[in-house]
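These notes concern the structure reproduced below.
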């Protein structure tokens, strides 16, 4: 199987968590695109979706799936999203697609976070994938200096602006042994909107696509 086929297998497995009448939280990225396409086949059974990005919202709407405002709902049973890396404690690096802030908001609201990815994303220690940090534009230089101070090598994502009108710097060279502590530390830097560590709110269920099939792992 190709990597894309593995992504699709994980995404289709997540449809088992979608119940009749449910509002579904939808993430962003290539794996989630497969989930959205699968969701289209059962769109008559759901009440709609909450999207973590404009790109996912457009894909949902193209399939005729209603996209709802998060502020207009009181309960979000499930959120389905991918990860750039996920460790054994279900802490993740996310934000390769630049939607980390909205992803983190929707994940915080959801009762259950289903992470869908292929086996290459499972790691022993986070940090090989550069950590995205969303920053207010006027704070870019200051935030970059602070990131260097803690041992990172920040690189501006050239030509990219988030759905919120901000910049992304990707931080290389971090071996993240304490993801919860680092998530908090980075978010305390003035000018940082949020960072791509999903540790304080990690995944509840991991659907990990391997050549032998999709493994279902549940957080302790």
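Don't overthink the numbers, they just go from 1 along the chain as shown.
The backbone N, Cα and C atoms fix where each Cβ goes, and this holds for glycine too.
As annotated by Swiss-Prot, active site, proton acceptor applies to 103, with the evidence given as sequence analysis. According to Swiss-Prot, the substrate binding site annotation covers 28, 29, 30, 31, 81, 82, 83, 84, 94, 95, 96, 97, 121.
Here the features listed in Swiss-Prot are painted onto the structure.
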residue : record                       : DSSP (3 states)
28      : substrate binding site       : coil
81      : substrate binding site       : strand
94      : substrate binding site       : coil
103     : active site, proton acceptor : helix
121     : substrate binding site       : helix
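Looking only at other Cβ atoms within 10 Å, the busiest spot among the binding-site residues 94, 121 turns out to be 94. Comparing local CB density within 10 A for the binding-site residues 30, 83, the maximum falls on 83. Close to the recorded substrate site, the chain also has 27, 32, 117: residues not among 28, 29, 30, 31, 81, 82, 83, 84, 94, 95, 96, 97, 121 whose Cβ is within 8 Å of the site's Cβ mean position. Taking CA atoms as the reference points, residue 83 (substrate binding site) and residue 103 (active site, proton acceptor) are 11 Å apart.
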